[in-house]
Amino acid sequence: MAIEEWKELENGDHGDLQNPLMPTQEEQQQNGSLQMLYLSTFVAVCGSFQFGSCVGYSAPAQAAIREDLNLSLSEYSMFGSILTIGAMFGAVTSGRIADYIGRKGAMRMSAYFCIIGWIAIYLSKESLSLDIGRVLTGYGIGVFSYVVPIFIAEIAPKNLRGRLTTLNQLLIVTGSSVAFLLGTIVTWRTLALSGLIPCTTLLVGLFFVPESPRWLAKVGQEKEFLSALQRLRGTNADISTEAAQIQIGVGLMVFQQFGGINGIGFFASETFASAGPSAGKIGTIAYACIQVPITVGGVILMDKSGRRPLIMVSAAGTSLGCFLAGASFFLKSHGLLLEFVPVLVVVGVLIFIAFFSIGMGAVPWVIMSEIFPINVKGIAGSIVVLVNWLGAWVVSFTFNFFMSWSSSGTFFIYSLISLMTILFVVKLVPETKGKTLEEIQASIDSQRDI
């Protein structure tokens, strides 16, 4: 794409942005651009499906792996949570990698790490090789978690960007749900091999889709491109603008993770079972089934209701779900209404995951992909994704210990954090619905100048 076209785009002529991947032939523009847009999105979200497969693997495989390899609870907790350690390293390097070798190159590299990791898990005969495989898959999805939403946001027109970027979260929960369900009918080794499917699909698909036009413009004509962005942001813009944007992204990721999602998700089966035998399998299957349709609803609402209302409603619902789960464990610890405890735990956790899926799961990633200017996107994105995975590790590693301390207290803490999310969004998070990436930057800069 000629640099003059990009300058027109940055200065407010958004005709080409509506169809950023358009062919040059006028009569083929509409159909050709949408087909390539959807194909490119499909290939990218194979990485999201891989993300979900990795996250969802540990819960259904827990009992079988511990029995086959004779692992203690602490050893399995390490296996479950060490995924996030690898993801943190992936997050630290994701921005630089995506900027250096491109969005497609970063996705390709991530797929290779995941493939090696799954094979290591499949061949494991003791905890060390399990952990090595888990770290490798973690590194891969750490990079995926940054590059997939960024790639989609950079290729999508503004009227489709919210929905298409939300497909990242939809495929994450789909991958997690498939792993949950598949894990109830196949062995843990077979479940590990199933993780190779999305990686292979992505690697093949990358041969047929183009690179992000914005990244190509950046590396091809960097000075002119950054100069255009600088004019958009104003000659007096300083680092405080970018710092504020990073703080918004970091804050959203902190609240997303410390609301308890990875602790509850990684060890959902044991949480249900601890409430009563009747809650175990039913709760796990219901947990897996509810995520996908609810996330589909979030995809539909993303560009209709806006980001801010969706995330506030979502946070209110996750707070309610955690409160109900906490109340059920409180009743159990005091020997009250014991016949209702299993039902209340299942209902509370399902309310939590339903409301998380409709907003808190997807919206922070969408906003992250939208608010950072391209010249700091790599570094800023890496910081935000690192914070996300650091929070994921803290929550997943400490979850079992907190539950041993106080099951009710654990969920009450998560409930309070979700309520704090609403205050954070009201105070600091901008609405990005219906705006081009360039218009979002102009809006943020103008607010900072007031």
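The backbone N, Cα and C atoms fix where each Cβ goes, and this holds for glycine too.
Features of the protein shown, as given by TrEMBL:
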type     : residues : note
DOMAIN   : 40-433   : domain 'Major facilitator superfamily (MFS) profile'
TRANSMEM : 37-58    : transmembrane segment
TRANSMEM : 78-98    : transmembrane segment
TRANSMEM : 105-124  : transmembrane segment
TRANSMEM : 136-155  : transmembrane segment
TRANSMEM : 167-185  : transmembrane segment
TRANSMEM : 191-209  : transmembrane segment
TRANSMEM : 310-331  : transmembrane segment
TRANSMEM : 343-367  : transmembrane segment
TRANSMEM : 379-399  : transmembrane segment
TRANSMEM : 411-429  : transmembrane segment
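Long-range contacts of the transmembrane segment (167-185) within the same chain, counting only residues at least 6 positions beyond its ends with a Cβ under 8 Å from a Cβ of the stretch, are 41, 44-46, 48-57, 59-61, 148-149, 152, 191, 194, 198, 265, 281, 284-285, 287-289, 291-292, 295-296, 298-299, 357, 361-362, 365. Highest Cβ contact count with the transmembrane segment (411-429) among the listed stretches 78-98, 105-124, 136-155, 310-331, 379-399 falls to 310-331 (criterion: pairs under 8 Å).
Between the transmembrane segment (379-399) and the stretches 105-124, 136-155, 191-209, the greatest number of Cβ pairs separated by less than 8 Å involves 136-155. Counted over residue pairs 6 or more apart, the CB atoms of the transmembrane segment (37-58) and the transmembrane segment (310-331) come under 8 Å in fewer than three pairs, which marks the two as apart.
Summarised as a single figure, the pLDDT of the domain 'Major facilitator superfamily (MFS) profile' (40-433) averages 83. Note: the stretches the transmembrane segment (105-124) and the transmembrane segment (191-209) are in contact (3+ CB pairs below 8 A, sequence gap of 6 or more).
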